[in-house]
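Chemist: Let me give you the structure first, and then I'll get to my questions.
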Amino acid sequence: MYKIAVAGTGYVGLVAGVCFAEVGHQVTCVDIDEAKVNLMKSGVSPIYETSLEELMQKNYAAGRIDYTTDFKSAYKDADAIFIGVGTPEQPDGSANLSYIATVARQIAESVEKDCLVVVKSTVPVGTNDKVEQFIQDFLVNGVRVEVASNPEFLAQGSAVQDTLHAERIVIGTESKWAEDLLMKIYEPFHLPIVSVNRRSAEMIKYASNDFLALKISYMNDIANLCELVGADIQDVAKGMSYDERIGSKFLNAGIGYGGSCFPKDTKALEYIARQNGYELKTIKAAIDVNKEQKTMLYKKASKSLITFNLLKVAVLGLTFKPGTDDLREAASLENIPLLLEQGANIFAYDPVGAENFSKVHPEGKGGRGSITYVSNIEHALQDANVCFIFTEWGEVKAVTPENYKDLMRTPLVYDGRNLYRLEDMQNAGVEYHSIGRKSTVKEAKKESKNLELQNS
Ligand code: UDX
């Protein structure tokens, strides 16, 4: 059992802290936000994450985890300090490392015994060398402090599960002492450990995330071509998935990847390459395809409809994926302003993301239109002229083709997540447009649909 401090209580830091406590370590989570610390002490998670709150309460009651703003007391006698603070994207695509630098300085001024500093945040290759030097420069007491890299591969919505049952743990160290200590800290997880040097560990994180982003953009690119040549992306993906070299995961075409990692990490790696005089063409392409893809549904709808002005537009799903209240880089953030600008009266449903979204787009008038947040899907769909699906929440999947037909004024659905079988929508009489597949109406019928909408 080790004494562990964790700097930052966002997705990475808090989940890591709770999971370390769960396997028996003594954990103190540090955050600068006192209100957040008090919230966590009272057993409430500041983020929406499956089973996190339950484990926070269990381990707090068992005395294995605590939360504080007092970094000095948390760092001074820790065996290891994990850094999980943010590295937000800057306008040029580079990562902002100021939070890491602040924590590194605090560590240097606080530690009173030998300690391993472990960077979990995603940082440009070579950053950990700099963090180590930075700590040495400001170190107050003559103790041994080394820096290790330990990138995080958790996905939001399944963060606890991904951490406790990770497919691999990557550690990047520069000494036997650091490697042994990290191995022992991770021993109780009983998971495969890939031990490499620090720079390789830093690179593994970017290379993994960007590969997945590339895979999604590739499928979106192929999906757009499928539409033009009359193929079906879901059938194509199915056929591809049997090849183990390709794999069956992350082949879903849609409205582009969002979230806190893929958009940021693709741009960061592209920036790192540029800084090193190299053009990372594959990742540049992934970024370009994703940018286009986010508004693909809106563009499709704009081509087919004469106007959105005064139409009731149902929006199902606002978050970048289900299982989270996170809106970062969500397609809804790009599409809703476009719809509002065109005068749409939006009725938006999201089981957990509406509150966050209303902070960006307050309920009421917006652009030439308006936005209303509703707590049930039926209310959103009732008498709607058009429906956009942005997130594949279970609640959204549960809506049947007949529900669209029965509830909407004109059953016209633009689905960014390919949730329905074309035949089912066709049979129910719903005009259905999705990604990389045929639409359920012929061109000729669209004209009459426009007239119908105009008259409605
Ligand atoms: C991702 C990685 O999965 C995780 O390993 C890493 O540590 C952080 O980034 P996350 O951003 O939480 O996790 O979500 P993920 O489930 O990977 O989805 C990211 C985005 O890609 C979502 O917008 C999702 O809708 C989209 N996506 C995913 C697709 O469009 N198609 C797919 O096939 C898979």
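Any Cβ shown, glycine's included, is placed from N, Cα and C.
Bear in mind that TrEMBL entries carry predicted annotations, made automatically and left uncurated.
The feature active site, nucleophile is assigned by TrEMBL to C261. Here TrEMBL flags D31, K36, T87, T122, K264, R328 as NAD(+) binding site. Feature annotation from TrEMBL assigns substrate binding site to K205, F250, L251, N252, A253, G254, G258, K321. Residues annotated as domain 'UDP-glucose/GDP-mannose dehydrogenase C-terminal' in TrEMBL: 314-422.
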Chemist: Should we count any of the binding-site residues K36, K205, F250, G254, G258, K321 as near ligand 1, judged by a CB under 6 A from one of its atoms, and which?
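Modeler: Correct list: F250, G254, G258, K321.
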Chemist: If you count other C-beta atoms within 10 angstroms, which of the binding-site residues K36, K205, K264, K321 is the most crowded?
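Modeler: The residue with the most neighbouring Cβ atoms within 10 Å is K205.
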Chemist: Could you list the residues of the same chain, at least six apart in sequence, whose Cβ is under 8 A from the Cβ of C261 (active site, nucleophile)?
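Modeler: For C261 (active site, nucleophile), the qualifying residues are T122, N209.
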Chemist: Indicate the candidate from L251, A253 with the smallest number of other Cβ atoms within 10 Å of its Cβ, considering only these binding-site residues.
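Modeler: Among the binding-site residues L251, A253, the lowest count of other Cβ atoms within 10 Å belongs to L251.
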Chemist: Drop a 10 Å sphere on every Cβ of the binding-site residues T87, T122, N252 and tell me which sphere holds the fewest other Cβ atoms.
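Modeler: It is N252 that, of the binding-site residues T87, T122, N252, has the fewest other Cβ atoms within 10 Å.
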Chemist: Counting by DSSP, what is the helix, strand and coil composition of the domain 'UDP-glucose/GDP-mannose dehydrogenase C-terminal' (314-422)?
Modeler: 35 helix, 25 strand, 49 coil
Chemist: Just name the most isolated of the binding-site residues G254, G258, going by other Cβ atoms within 10 Å of its Cβ.
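Modeler: Output over binding-site residues G254, G258: least Cβ neighbours within 10 Å is G258.
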Chemist: What does DSSP assign L251 (substrate binding site), in three states?
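Modeler: For L251 (substrate binding site) - judged by DSSP and reduced to three states - the answer is coil.
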Chemist: I need the CA-to-CA distance for G254 (substrate binding site) versus R328 (NAD(+) binding site), whole Å please.
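Modeler: Checking the Cα atoms of G254 (substrate binding site) and R328 (NAD(+) binding site) gives a distance of 17 Å.
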Chemist: Run through the Cβ atoms and count how many others sit within 10 Å of the one on R328 (NAD(+) binding site).
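Modeler: Summing over all protein chains shown, R328 (NAD(+) binding site) has 17 other Cβ atoms within 10 Å.
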Chemist: Determine, to the nearest whole angstrom, how far the Cα atom of T87 (NAD(+) binding site) is from the Cα atom of K205 (substrate binding site).
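Modeler: Computed Cα spacing between T87 (NAD(+) binding site) and K205 (substrate binding site) is 14 Å.
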Chemist: Who sits close to F250 (substrate binding site): which same-chain residues at least 6 apart have their Cβ under 8 Å from its Cβ?
Modeler: L212, K215, I216, M219
Chemist: Going by DSSP, is C261 (active site, nucleophile) sitting in a helix, a strand, or coil?
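Modeler: SS state of C261 (active site, nucleophile) = coil.
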Chemist: So of all those binding-site residues, D31, K36, K264, R328, which one's Cα sits nearest to G258 (substrate binding site)?
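Modeler: Smallest Cα separation from G258 (substrate binding site) among D31, K36, K264, R328: R328.
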Chemist: According to DSSP, which of helix, strand or coil covers T122 (NAD(+) binding site)?
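Modeler: The residue in question, T122 (NAD(+) binding site), is coil (DSSP, three-state).
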